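Visitor: Mind having a look at this structure? Questions to follow.
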Amino acid sequence: MARTLFTSESVTEGHPDKVADQISDAILDAIMELDPYGRVAAETIVTTGLVLVAGEITTNCYVDIPRLVRSTIEDIGYTRAKYGFDAETCAVLTSLDEQSGDIALGVDRAFEAKKGEMDDKELDAIGAGDQGMMFGYASNETAVLMPMPIYLASKMAERLGEVRKEGIIPYLRPDGKTQVTVEYEDYKPLRVTTVVVSAQHHPEVSSATIEKDIIEHVIKAVIPPEMIDAHTIFYVNPTGRFVIGGPQGDSGLTGRKIIVDTYGGMARHGGGAFSGKDPTKVDRSASYMLRYVAKNIVAAGLAERCEIQVAYAIGVANPLSINVNTFGTGKISDDKIIELIKKNFDLRPAAIIRDLDLRRPIYRKTAAYGHFGREDAEFTWERTDKADTLREQAGL
């Protein structure tokens with residue numbers, strides 16, 4: 001088989017787009033904690049000295065959004081005015097309305113039965129919050145069943161944050177990006193060919209020091225040694241300088257890192273972002289559910305790779321279509337896998353929210369370093385508790 005290269009990138013929590021994502025999800029979490037049935041669609045823009053939060057929020061609780069914005073920025077690490085963006089001094093503007101009544105018509109019905117178990121009729125009565133198509137994916141090339149390029153890129157971005165906050169590399173600042181190229185043969189990862197790390201830093205630190213520290217404490221701390229060889233190329237701050245960064249260097253906007261958030265381009269994406277959206281928005285909840293489904297299919301050994309697409313209509317509970325692609329790696333047919341999905345997974349929006357327990361303040365931590373492939377108990381869509389059942393029903 002011919003060998004191929006595939007590349008994915010990730011960014012740190014201090015990247016301007018990720019600052020915006022985290023603010024949006026911090027607002028969502030604050031509302032979910034006080035009002036689990038609140039409706040939230042919070043969009044954030046950040047730029048030099050300014051944060052603007054806009055969108056639609058319907059809730060019976062009060063959230064101090066400016067205070068929440070500042071505490072989120074402080075947690076990320078923008079705490080000095082000379083960074084061009086500072087938790088204490090930045091301006092915070094808000095422009096928020098209630099959710100459109102026309103949209104609510106398709107979602108609200110039967111939410112008066114929100115306490116206790118909903119019967120099948122009530123589950124059918126709660127429709128999707130919008131039309132659209134969503135994808136889920138899993139691959140057996142890593143232990144967490146994620147594509148290797150995005151998994152390693154996300155882990156390196158997370159490691160950049162760790163070495164900064166723990167003082168291991170004390171001169172780093174919050175912004176940063178990572179990129180990993182993996183060589184494949186017959187869809188099996190062979191080696192890492194190239195690693196790129198760009199890390200914001202104090203102006204008086206030499207390029208040689210930065211390169212040495214990043215290779216030692218970030219790249220080699222994350223990339224498995226067996227995936228690196230004498231021909232692997234490391235690029236550390238290839239422009240030679242990365243002092244101006246974060247919202248001072250570029251404006252940031254919620255929802256602009258959807259490939260970083262998911263599978264690094266290895267799987268398709270329906271186009272809908274996640275952050276700032278409550279779980280009635282199927283852009284988010286259905287994507288989480290499809291990751292859960294795909295991961296269980298791969299964990300069960302039904303396929304080595306699996307991509308699933310579903311589509312919804314606003315106000316309609318059941319998906320309009322389900323498509324499965326195992327890329328020729330399936331142990332049973334894709335049609336048979338679709339039958340197993342319909343038998344074992346309820347893809348109606350209210351059932352997704354129920355089965356993944358999505359009405360909780362769990363979203364801020366998803367907003368940096370990827371929504372998938374994370375080993376955290378609160379990421380319920382990463383469970384593989386259906387794998388044994390799927391394997392048995394498939395006759396494997």
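The backbone N, Cα and C atoms fix where each Cβ goes, and this holds for glycine too.
Below are the features listed in Swiss-Prot for this protein:
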BINDING   His15, Asp175, Gly176, Lys177, Arg241, Phe242, Asp250, Arg256, Lys257, Ala273, Lys277  ATP binding site
BINDING   Asp17  Mg(2+) binding site
BINDING   Glu43  K(+) binding site
BINDING   Glu56, Gln99, Asp250, Lys281  L-methionine binding site
REGION    99-109  region 'Flexible loop'
Visitor: Over the residue list His15, Asp175, Gly176, Lys177, Arg241, Phe242, Asp250, Arg256, Lys257, Ala273, Lys277, recorded for ATP, what is the maximum interresidue Cα distance in Å?
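Guide: Among the residues the record ties to ATP, max Cα distance equals 36 Å.
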Visitor: What is the number of other Cβ atoms found within 10 Å of the Cβ of Arg241 (ATP binding site)?
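Guide: So the Cβ neighbour count for Arg241 (ATP binding site) comes to 10.
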Visitor: Could you tell me which of these binding-site residues, His15, Lys281, has the greatest number of Cβ atoms within 10 Å of its own Cβ?
Guide: His15
Visitor: Take the C-alpha atoms of Arg241 (ATP binding site) and the residue listed as 'Mg(2+) binding site' and report the distance between them in angstrom, rounded.
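Guide: Arg241 (ATP binding site) to the residue listed as 'Mg(2+) binding site', Cα-Cα distance: 21 Å.
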Visitor: Within the chain of Asp250 (ATP binding site), which residues six or more apart in sequence place their C-beta under 8 angstroms from its C-beta?
Guide: Pro16
Visitor: Based on Cα distances to Lys257 (ATP binding site), point out the closest of the binding-site residues Asp17, Glu56, Lys281.
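Guide: Sorting the binding-site residues by distance from Lys257 (ATP binding site), the top entry is Asp17.
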Visitor: Within its own chain, what residues at least 6 apart in sequence put their Cβ under 8 Å from the Cβ of the residue listed as 'Mg(2+) binding site', listed in sequence order?
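Guide: Same-chain residues close to the residue listed as 'Mg(2+) binding site' (Cβ under 8 Å, separated by 6 or more) are Val11, Gly252, Leu253, Thr254, Arg256, Lys257.
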Visitor: Where Glu43 (K(+) binding site) and Glu56 (L-methionine binding site) are concerned, what is their Cα separation in Å, rounded?
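Guide: About 9 Å separates the two Cα atoms.
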Visitor: I need the CA-to-CA distance for His15 (ATP binding site) versus Lys281 (L-methionine binding site), whole Å please.
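Guide: It is 25 Å, counting Cα to Cα.
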Visitor: State the Cα to Cα distance, in Å, between Lys281 (L-methionine binding site) and Gly176 (ATP binding site), rounded to an integer.
Guide: 30
